[in-house]
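Below you'll find the structure I mean.
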There are 2 protein chains.
Amino acid sequence: MPEIRYNPITSDWVIIATERAKRPHEFIQTDREKLIVPAYRPDCPFCFGNEDHTPDEIYRLCNDQGWRVRIVSNKYPALSSEGERQWIRRGFFRTVTGVGHHDVVIEHPDHNAAIAGMNAEDVLNILRVYRTRYQELRQDPRVKAIVIFKNHGMEAGTSLEHPHSQIAATPIVPTQFRDRLDMATRFFDTGGECLFCRVLEEELATGERIVAQNADFVAFIPYAALSPFHLWIFPRRHISSFDSTADSELASFASILREVTAKIYYGLGDPAYNFTIRSSPTDEHQTDYFHWYLAIVPRVSRAAGFEMGSGMYINTSLPEASAEFLRSVIVPS
Amino acid sequence: MPEIRYNPITSDWVIIATERAKRPHEFIQTDREKLIVPAYRPDCPFCFGNEDHTPDEIYRLCNDQGWRVRIVSNKYPALSSEGERQWIRRGFFRTVTGVGHHDVVIEHPDHNAAIAGMNAEDVLNILRVYRTRYQELRQDPRVKAIVIFKNHGMEAGTSLEHPHSQIAATPIVPTQFRDRLDMATRFFDTGGECLFCRVLEEELATGERIVAQNADFVAFIPYAALSPFHLWIFPRRHISSFDSTADSELASFASILREVTAKIYYGLGDPAYNFTIRSSPTDEHQTDYFHWYLAIVPRVSRAAGFEMGSGMYINTSLPEASAEFLRSVIVPS
């Protein structure tokens, strides 16, 4: 019989469709066209040497080889960095001015780099840039929430091949953030513990959904994973906002992020994926109730009418089997 | 400047990305391969004459030509119609047994039929079958919510070409249903009116997002549409559950559903789409707080990391321009 699992952090209900469950290797992307991607493309605005083809540069991190990571303005920003945060009433309906920030992070000078194959220092540099920019954006009084995210591959919604991610800073607290913070707050109020710390404790206790771990971080498939190989990386220490992560922790995070993306790359044949880093809203920067984490979703399945009409999900894989599969993937060093 | 619109019914925040906004005709699916689809395929289990290739038949609606609409069991059901509804604790985590129903509605005997091109009676027959089955499923004490949905086209998540839709009956109230019902209940509690009726009144008053209307139904693009041409069809009368729709209203619904799908078909070049019919949870069958409606989402854009990480959406079209475009599409009679 199928089972319907509940995720206590997100309130998501997920049907684990055992009747139609696939084995992990059935999700390997065998039909993905493998192209030889060059390290440099003259027409790519993000490539080393083409810096004058990008919009305004916001930040760059350099070493003696030159820049390693850059932040530039999004050419088509969803949010404008100019203007005031204002509510506008239109009869019964409401609008907030679309102020905030929408940055592009160019992750590497090389066109063909990928987090899964970068050296540890290169991955750490990306995370350092995320943290620096997060700290800066948080000072903008118009900013109420900051989302760091990456779209890798066409099916994950990107048209640009050069490795990049994005940072969006919104002038409102998204409803989903507020709902989850409320849930976690009530959990703390009634039990005196962080909901996220508790879930991590439970995951470590059973161990069956753990994919990787190190001194500071744990990567696991959630009990009620929304889709095959949907994976979370939690810091072990209670940290509510990404930018409060310490230097030594950031290095551990770089290491586990590289390991997990490499397991996905080699184990599943480089599927498209999205990842996102969730932190507490900026006005609740230090809180007992929220715990930042990274979520990564390989695009190996598709949500359709059922998901749209119910907000529930159907997952055609067993989280425990997915975790076991990824655990066993050997990553070339 | 972009604007961020709030949907009072769903609590969704949507960035209307004016800086990157496309004009309606830019969403026309010009690259969709147009194949001549035959009226009958010997290998299609849903085609007239191949009835013995489907799993158990649950229901059929006939006229003097034979069956017009059939309901059959899903070959790979996400929910099992056998078994008890039970909560299972696994340490901190919880699961509900996956009992309920997961039916397939074969909408027409012909392989190449489409709601956009059917005659009024054929569309009405589909809706009659939905209603009959809804009334039946609601009697099952294990069923707490019923979702009717359709996936049309590969990008909308279907692999079967023969026109069909699905009915899922779940043993729990999905969190999204509960959250929205709560919101609407509080709105009623403080204002004494149905939130949905109020939104409909506002939409009719401005008129700028209305796409079609008749005696009993109104089709409009919501103020904070999640994506280009995301469209809602509301009954004018306050009806909380789809199966309480009267005969005359059902005929009006068939007419507007055919009109809207035809506008999408002819106006946008037959894009893939999902539609879903939302009703109140079965335990709140007759309520002042909920109002059933149909939502249809043409798959002309893709949600990515930002949507995943925030629960917000970016819509690269103006709802008012999308509505004007669809209003002006002439449907061959």
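Cβ atoms are placed via backbone N, Cα and C, with glycine included.
All annotation found in TrEMBL is predicted automatically rather than curated by experts.
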Out of B:H25, B:H152, B:H162, which one does TrEMBL list together with B:C44, B:C47, B:H111 for Zn(2+)?
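Of the residues offered, the record points to B:H162.
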Do any residues at least six apart in sequence from B:H162 (Zn(2+) binding site), in the same chain, have a Cβ closer than 8 Å to its Cβ, and if so which, in order?
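The answer is B:R41, B:C44, B:F46, B:C47, B:I106, B:H111.
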Starting from the Cβ centroid of B:C44, B:C47, B:H111, B:H162, which together make up the recorded Zn(2+) site, report each further residue of the same chain whose Cβ lies within 8 Å of that point, ordered by sequence.
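In sequence order, the nearby non-listed residues are B:Y40, B:R41, B:P45, B:F46, B:F48, B:N50, B:D110, B:E161.
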According to DSSP, folded down to helix, strand and coil, what is B:C44 (Zn(2+) binding site)?
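Coil, per DSSP.
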In which DSSP state, out of helix, strand and coil, do we find B:H164 (active site, tele-UMP-histidine intermediate)?
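Note: B:H164 (active site, tele-UMP-histidine intermediate) is in a strand by DSSP.
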Of all the binding-site residues here, B:C44, B:C47, which one's CB has the most other CB atoms within 10 A?
B:C47
Here are some recorded positions: B:H111, B:H164. Which one has the most Cβ atoms within 10 Å of its Cβ?
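Per the Cβ count within 10 Å, the most buried is B:H164.
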